[in-house]
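Working notes, beginning with the structure itself.
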4 protein chains.
Amino acid sequence: MSTPKEHLVLALSCPDRPGIVHAVSGALAEHGGNITESQQFGDPSTGLFFMRVQVETTAPRHEVEGALAAVAHDFSMTFTLDEVGRPVRTLIMASKEAHCLSDLLFRQRSQRLPIDPVAVVANHPDLEPIAAFYGVPFHHVPVTRETKADAEAQLLRLVHELDVELVVLARYMQILSDDLCTELAGNIINIHHSFLPSFKGARPYAQAHGRGVKLIGATAHYVTADLDEGPIIEQDVERVTHADDVEELVARGQDVERRVLARAVRWHAEHRVLVDGRRTVVFS
Amino acid sequence: MSTPKEHLVLALSCPDRPGIVHAVSGALAEHGGNITESQQFGDPSTGLFFMRVQVETTAPRHEVEGALAAVAHDFSMTFTLDEVGRPVRTLIMASKEAHCLSDLLFRQRSQRLPIDPVAVVANHPDLEPIAAFYGVPFHHVPVTRETKADAEAQLLRLVHELDVELVVLARYMQILSDDLCTELAGNIINIHHSFLPSFKGARPYAQAHGRGVKLIGATAHYVTADLDEGPIIEQDVERVTHADDVEELVARGQDVERRVLARAVRWHAEHRVLVDGRRTVVFS
Amino acid sequence: MSTPKEHLVLALSCPDRPGIVHAVSGALAEHGGNITESQQFGDPSTGLFFMRVQVETTAPRHEVEGALAAVAHDFSMTFTLDEVGRPVRTLIMASKEAHCLSDLLFRQRSQRLPIDPVAVVANHPDLEPIAAFYGVPFHHVPVTRETKADAEAQLLRLVHELDVELVVLARYMQILSDDLCTELAGNIINIHHSFLPSFKGARPYAQAHGRGVKLIGATAHYVTADLDEGPIIEQDVERVTHADDVEELVARGQDVERRVLARAVRWHAEHRVLVDGRRTVVFS
Amino acid sequence: MSTPKEHLVLALSCPDRPGIVHAVSGALAEHGGNITESQQFGDPSTGLFFMRVQVETTAPRHEVEGALAAVAHDFSMTFTLDEVGRPVRTLIMASKEAHCLSDLLFRQRSQRLPIDPVAVVANHPDLEPIAAFYGVPFHHVPVTRETKADAEAQLLRLVHELDVELVVLARYMQILSDDLCTELAGNIINIHHSFLPSFKGARPYAQAHGRGVKLIGATAHYVTADLDEGPIIEQDVERVTHADDVEELVARGQDVERRVLARAVRWHAEHRVLVDGRRTVVFS
């Protein structure tokens, strides 16, 4: 009788020193593990080591986890172990613009984007039909200066009730409080509509037009209390010309925003992104 | 007996109002002009109109010029009229890095870049062999805090003696004085080794590495007294990853720098770039 | 009392000879026309001249049309005159894959794509909900070898009843008959899921995988009786690696397909595409 | 007294089965090896497994090599072991066009391209000054139908005398004999001036112009007896328009050719390219 195989993904980081790869691959091999994908990076500037391994094992997952925990202890290692392809429970926040929300839900349904969209939260009601079309519960949580704290509390309740693992700000046009950023640190991704660090802050396309740039861009990054300064996950650009007015930049920018955000969400959900100080390691 | 044809390029700008195109094409038609290429742009934000026309004429150039001067007077127009493809007398400034200088000279010789490189000026002697290989006179003009004024005076003398029309800063690592920038305004192009306005100032690749960007870029712009703020002519980017250290960013950046600079120089030399306040109109 | 202005777009082609631009701009000026955008191209290889002009006029459109008809007669010219931004009545054909249909309808609603989607015709019922979401009538017209002629007759009936100006094959997986191609010539656009002329015919992503290419692409082209050989309107590519299997190529390819098709449809709808023998002139 | 470290790169391929990674990392660990970079790929379509590892070791290289030979025997493995960054002895072949030769030599000198250019062989004398500028011996070996066999014999003599490890066809416009292709199999790279498999054979830019493509490309591939069908290493494209004539396509194409070839040569020299049937695995 053959044991059913599990396909697991391990992502880890620790201070860099000799022997890490051997210790990890040894622990996996002892449990019948066959490594099918492996990437690693040692960052000389932070002294940290990062690794992502996909492995087929015949041993039960808790056994593999135990073996890794021992290695992790020896090497002061942080690690996550997950099933390859398991959809990550995701809450998407939006305001009025549809392109990012619509694109994420489309890719989830048609392009194997491994997220499970458990809720859409928006501070305007406009996008409800899109959520409904894809069968995702829609929560309209308006935000004013007075209600902001309540709104964030409501969001956190949803995060806990729904076991949310990832929050995506899909052109959500509200600034989150520092506390919320800290609470969700490492599990909240924003799409900024400029090629950061150019044009931080408000109305980046108007800024870009005023400066006369020849490419516009978008940046997906982890959200930190330090606005528009979180670790960058992905960026891309599109060519524009003098003839494109701000409205045209906005329209063209939407294409870049949605594809940059989709890539960042995919890589995060596949445990391909590891935070390395102010930077990210992306094993794409 | 048929009159030999001239192929001329007209570039103009003026306050936008109805009738400009008709007046210009009328003036050209009266002198046997046949328009072979035409581009235009009215900028609502500055109220200025820009046009570039290539025209074959049977009339002598001074007649065409006279007819255009009359139109220019009526429309408060600035214009230049030149032969299509005439090489622009160009002085290239460099320091120690070869890639931009070498690339411009290669393209001039092999790829129809319409410049006539009349001199290379460098504050270090390292690049002399490249200038010699391409047969361009090399002037070593060292710059220290004390000799900076003299060095700039020497540069201006060369500009005047050699009838220089365009100065290209091909990774010239000195900051020019405000006076020099003003004197050469509109005729001096710099390549900045970042995607402006990101990473202005010194060591942009180190800044880019520190910020963890996923694309690096280069920007060709007209030089103004306001450092790294002159009107942008062209930009491009290249993808990088977490694994690229600063040295690797520098090496990859060189590819972007040289092709961005080459495009900007070509477009300028073909009278395709018109300054529109802080921005440029590029009829590429 | 000021006359209301019309904003018109003129697209024309004719044998190339001197005087065309002047004749056209003269005819427009006589009717109070102010040219706001103008592009032109003379193709030495076919001897044809192409021009696209946007013009604001105070005269009624039929007067402008009459004046242009006279010029057209003199120069053996073909031309169209339309209002700038008028939505083109468009019929979209699809099969089972949603990405192109969904994207076109999204852009029509949110990104100023100037089409009026009057019908979706599909040989499978799967995409009905998307059409319903955007409020576009959905016609399920199954196709078998036996019913193909009937299906095409039904399509043509719809084209005539709905005054369809443009047919878009948005991943419609049936080959059209030569007669239908001829009937709709110049008004039917297909998206081919490869970088033509590479990988014509069936299963291009499987072919691309087998050949080990490092970029995959998509091509939007006018449909002619000569399969995958019609004039190309737009192409783009995306980078892939050895690790991407056919299924992954398909998923990544969808992004290229939808954006290439959207650009081609926009340019066609804005009268920016002119056929030049086997090639197209695109005044983008 | 500390043992000096060696930094080695191992590239291997073998039939895919469980245990390879563990066996290899074990063999390396036994000799004090610390893995600093590791990539792998199992190709389900060919059943082959590929791996590239960079490792710092304290043991002498021959000991590591011995340990690996034992593993290789068990797994029917082919492998190469080399020092990281060792310049590969390279012979460059060219004809009249300078851009690829010039670019490779520039990058070797200024951008850490790890080749040692031991000879330039050309069937025309034109490029001698470039070779001389970079101090590389130039061999003018003219080729006519009658002398072709002699010329190839002369080339092979050079390859052997100079211990050449890699031959690069940098726009060498002669077709090599099947025997020569076989002799140099896996160690000879060509740059084809089209996006293969489009426009195989002669004058690809003229073919591309005739077909009206909107992007032109270049392909670096290993040379096999089957012309333009060898495994592709790298490809890239550049945007063109209807207005670009064949001469312009050629000029723009040169930029793509030189950067595609440079990448392919770098990856080959760094042992990042492994042949997988008709395809390549590129651990870039």
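Cβ coordinates come from backbone N, Cα and C, glycine included.
Noted in TrEMBL for the protein shown:
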DOMAIN    D:9-86  domain 'ACT'
ACT_SITE  D:D228  active site
Cβ neighbour count (within 10 Å, all chains shown) around D:D228 (active site): 17
Per DSSP, three-state class assigned to D:D228 (active site): coil
DSSP residue counts for the domain 'ACT' (D:9-86), split into helix, strand and coil: 26 helix, 33 strand, 19 coil
PLDDT averaged over every residue in the domain 'ACT' (D:9-86): 93
